[in-house]
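As annotated by TrEMBL, domain 'Acyl-CoA oxidase/dehydrogenase middle' applies to 129-224. The substrate binding site annotation in TrEMBL covers SER139, SER185, LYS186, ASP247, TYR248, GLU249, ARG250, ALA370, GLY371. What TrEMBL records for 236-384 is domain 'Acyl-CoA dehydrogenase/oxidase C-terminal'. Sequence annotations record features per position, and here TrEMBL assigns active site, proton acceptor to GLU249.
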Amino acid sequence: MISTYKTLNYDLGETVDMIREQVNSFARDEIAPRAAQIDHDNEFPNDLWRKFGDLGLLGITVDEQYGGSGLGYLEHVVAMEEISRASASVALSYGAHSNLCVNQIFRNGNEAQKQKYLPKLCSGEHIGALAMSEPNAGSDVVSMKLRADKKGDRYILNGNKMWITNGPDAHTYVIYAKTDVNAGSKGMTAFIVERGFKGFSQAQKLDKLGMRGSNTCELVFEDCEVPEENVLGTVGSGARVLMSGLDYERVVLSGGPLGIMQACMDVVVPYIHDRKQFGQSIGEFQLVQGKVADMYTKMNAARAYVYTVAKACDRGETTRKDAAGAILYSAELATQMALDAIQLLGGNGYINEYPTGRLLRDAKLYEIGAGTSEIRRMLIGRELFNESN
């Protein structure tokens, strides 16, 4: 369900407005009607990849010569927001493909890599993923155990990656591994790994609390052979590739909580008209009006922050503290808004005939993925402290 009431005009420009309208229309027709089924079945509708490609959404920040749309991070955030409004799990897989994988290859790949991988990723013929986290290395990235040992003209990878969005379905993976176990962060290297590489496999798909349908699994590397030309960036530059990419990742993924917040409003606003108690619509009660007002203002405050940070990215003025701040603020508000939506629906909010439970389960992921809320607070506080010296 996507409501049609007017939202605040942020004066983001004709291109952004066009993207919002286009994606909103597509999501309303193609995604929203099956969002509950996607959640129930825990299956991603594979027909959406080609359709996203036809809309130009999969390579939204990629130059047109590689099959992309040549747009910016603000447009990417808005696309992420509108898809999330219909289905947060579909949007998470979309974001993992279009930003975590495609944008990283575009930003860090050499010409041969971009020519080889980006066209099929941008069209939706191939699906992309990024693998950073491990069973014992989530927030503590430098402690990763995946080894990449040079042997002739290739690297031999051994280890595991965990909680990998699009892992079961992807054809192209951006993988981070240790090429020098004694060099700390300077011993990390990024690789492009293809499905079908010898020694590479996907373990069983994970059964998650939320974001069901955004297929997730463990990746297994057993003497996996990766050609040396598949090093992304340079050997030993993996930490730089990873951390710079994380800033953009956090900004783009912030569109997810924005979409969930709007989805909460899409449920609540019609409901408070239709639900009658004591002979009148519950929306006429001042306590209900007050809660809806709080939801509306929090959502728009989060939008203003996220859009501002996205525009800064497009100007080349990305800061780690604001990239972390955008997703910290929007993620925690999305979880709270989902709880508020459940409360406003009362008993109906607690049953699965209504989408509020799914919205809550989906929202919680954004306080964990792309760096936990605790890590984000640490990054913001540390940067503010260091800047003030």
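Using N, Cα and C of the backbone, Cβ positions are placed for all residues, glycine too.
In TrEMBL, annotation is done automatically, which means it is predicted and not curated.
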Set of same-chain residues at least 6 away whose C-beta sits under 8 angstroms from ARG250 (substrate binding site): ALA323, ALA324, ALA326, ILE327, ALA370, GLY371, ARG376
Site diameter for substrate, Å, by largest Cα distance between SER139, SER185, LYS186, ASP247, TYR248, GLU249, ARG250, ALA370, GLY371: 23
Cα separation, LYS186 (substrate binding site) to the residue listed as 'active site, proton acceptor' (Å, whole number): 21
ARG250 (substrate binding site): secondary structure state under DSSP, collapsed to three categories: helix
DSSP-assigned states of the domain 'Acyl-CoA dehydrogenase/oxidase C-terminal' (236-384) in counts, ordered helix, strand, coil: 121 helix, 4 strand, 24 coil
Nonlocal neighbours by CB distance (under 8 Å) for SER139 (substrate binding site), same chain, sequence gap 6 or more: GLY371, THR372, GLU374, ILE375
